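Asker: Mind having a look at this structure? Questions to follow.
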Amino acid sequence: MSDVSTQSPKVGFVSLGCPKALVDSEQIITQLRAEGYEISGTYGGADLVVVNTCGFIDEAVQESLDAIGEALAENGKVIVTGCLGAKKDASGQDIITSVHPKVLAVTGPHALGEVMEAVHTHLPKPHDPFIDLVPPQGIKLTPKHYAYLKISEGCNHRCSFCIIPSMRGDLVSRPVAEVMLEAENLLKAGVKELLVISQDTSAYGVDVKFRMGFWNGRPLKTRMTELVGALGELASQYGAWVRLHYVYPYPSVDEVMPLMAEGKVLPYLDVPLQHAHPDVLKRMKRPANAEKTLDRIRAWREVCPELTIRSTFIAGFPGETEEEFQTLLDFIAEAELDRVGCFAYSPVEGATANDLPGALPDEVREERRARFMEVAERVSARGLQRKVGKSLRVLVDEVNQDGGIGRSSADAPEIDGLVYIAPPSKPYKRYKAGDFVSVKITGADGHDLWGEV
């Protein structure tokens, strides 16, 4: 539960799911505070509870249903929002209300207006709002030194394993000036790292035909390359980082490489490749193919040798043969992907992949995921070992009695590795959370680094 305090009436808040859902939660909490509601850190201290759910995979659905049940048991007045709110069961009934019929209201994701309307219905807003208590950057649920910057909502792809478009809709890009203003407010508030997120960052502006916008009196196209360039220029004025997530490997990404090579944005790409064998990609209804992607990765690294590539994959997709899986293992080794995650395929209710023949047993899916991660860890370990002896710029996330924990440009929060920093040997070398420090790397394993200032 999130804890921000001021005055009553009081709303409890539970936020589940991905960074896109976290941004939705931040927007709702910001509006609640602007209208004078207090955010309670406990169920018992709240007049009602809002639960922002995730509905992407079965485990997330169960976690969300459990959270709703806990909120109902502890408080009794619950409003539900998020991706699970848009899902229905096989009979066409809302999943949430079929399990928890006593919830006050249910909305889908990215539904600020509907959530606030439900709150107003069941907990009238105060007469005197406290909009002056809400900072220009809004209320954030991340640490003060980094923040997620969502540039669009929804997705135009129809991947067979995914139901996100049915929950979040087609691509809707935010106006470029609106994105830039939010970024500026975050940087002015002391944010040291902007994490650009969406369902498909490469497609930013496609829905508005790359419409020309304006920022600070200058024309700025609603397009990934132009937006990233402007964000990098803005962040450099504050000595901050810009990190790109959910970037499809389209040719347009080539245009961003010079910006990374020049240091305007971090040399880091989060590219969700999912597989490498063309037949599996076809069954997944995924764009691109492994050979072209491998050529593109090589070209990117020629322009930006320091580039870190993170990706996610699915092992054990329906119909995946041992030969197809071996192609995937060969690909991650040849591509030398720096950071990877792998999920054993799990059927998602409503996904068209459920109708594909050749479903694999659970033990085969898990065994392939484990084999994948063994190869991936060896690749990662080789790359991290090459960093030993080098000095890296590290953003400190926390400080404790054992020293500090931070991240290099190659590490996004929560999903990548960490840099463990020895306690400062001299007073002038002290650091705190949110500081950038130069760390000499003294050790590495398959995931993390160790070093000293």
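Quick reminder: no glycine exception, Cβ is built from N, Cα and C everywhere.
In case it's useful when we look at the structure, here is the feature table from Swiss-Prot:
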- 9-124: domain 'MTTase N-terminal' (DOMAIN)
- CYS18, CYS54, CYS83: [4Fe-4S] cluster 1 binding site (BINDING)
- 141-382: domain 'Radical SAM core' (DOMAIN)
- CYS155, CYS159, CYS162: [4Fe-4S] cluster 2 binding site (BINDING)
- 385-453: domain 'TRAM' (DOMAIN)
Asker: I need the CA-to-CA distance for CYS155 ([4Fe-4S] cluster 2 binding site) versus CYS83 ([4Fe-4S] cluster 1 binding site), whole Å please.
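Answerer: The Cα atom of CYS155 ([4Fe-4S] cluster 2 binding site) is 14 Å away from the Cα atom of CYS83 ([4Fe-4S] cluster 1 binding site).
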Asker: Quick one, of the binding-site residues CYS18, CYS155, which Cβ has the fewest other Cβ within 10 Å?
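Answerer: Counting other Cβ atoms within 10 Å of each of the binding-site residues CYS18, CYS155 gives the minimum at CYS18.
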Asker: Rounded to a whole number, how many Å is the Cα of CYS54 ([4Fe-4S] cluster 1 binding site) away from the Cα of CYS162 ([4Fe-4S] cluster 2 binding site)?
Answerer: 13
Asker: Quick one: mean pLDDT on the domain 'Radical SAM core' (141-382)?
Answerer: 92
Asker: Return the count of C-beta atoms lying within 10 angstroms of the C-beta of CYS159 ([4Fe-4S] cluster 2 binding site), excluding that atom itself.
Answerer: 20
Asker: If you run the three-state DSSP split on CYS155 ([4Fe-4S] cluster 2 binding site), which class comes out?
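Answerer: SS state of CYS155 ([4Fe-4S] cluster 2 binding site) = coil.
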Asker: Within 10 angstroms of the C-beta of CYS83 ([4Fe-4S] cluster 1 binding site), what count of other C-beta atoms is obtained when all protein chains are considered?
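Answerer: Neighbour count, Cβ to Cβ under the 10 Å cut-off: 28.
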Asker: Can you give me the same-chain residues 6 or more apart in sequence from CYS162 ([4Fe-4S] cluster 2 binding site) with a CB-CB distance under 8 Å?
Answerer: PHE56, VAL348, ALA351
Asker: Determine, for the [4Fe-4S] cluster 1 site, the additional residues of the same chain whose CB lies within 8 Å of the mean position of the CB atoms of CYS18, CYS54, CYS83; present them in sequence order.
Answerer: LEU16, GLY17, LYS20, ALA21, THR53, GLY55, PHE56, ALA60, GLY82, LEU84, PRO109
Asker: What is the interatomic distance between the Cα atoms of CYS83 ([4Fe-4S] cluster 1 binding site) and CYS159 ([4Fe-4S] cluster 2 binding site), given in whole Å?
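Answerer: Between the Cα atoms of CYS83 ([4Fe-4S] cluster 1 binding site) and CYS159 ([4Fe-4S] cluster 2 binding site), the distance comes to 17 Å.
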Asker: Check CYS83 ([4Fe-4S] cluster 1 binding site) against DSSP and tell me helix, strand or coil, would you?
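Answerer: Going by the DSSP assignment, CYS83 ([4Fe-4S] cluster 1 binding site) falls within a helical segment, counted as helix.
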Asker: Cα of CYS18 ([4Fe-4S] cluster 1 binding site) to Cα of CYS159 ([4Fe-4S] cluster 2 binding site): how many Å, rounded?
Answerer: 18
Asker: Name them in sequence order: residues not among CYS155, CYS159, CYS162 whose Cβ is within 8 Å of the mean position of the Cβ atoms defining the [4Fe-4S] cluster 2 site.
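Answerer: Here the non-site neighbours turn out to be HIS157, ARG158, PHE161, ILE163, ILE164, PRO165, GLN199.
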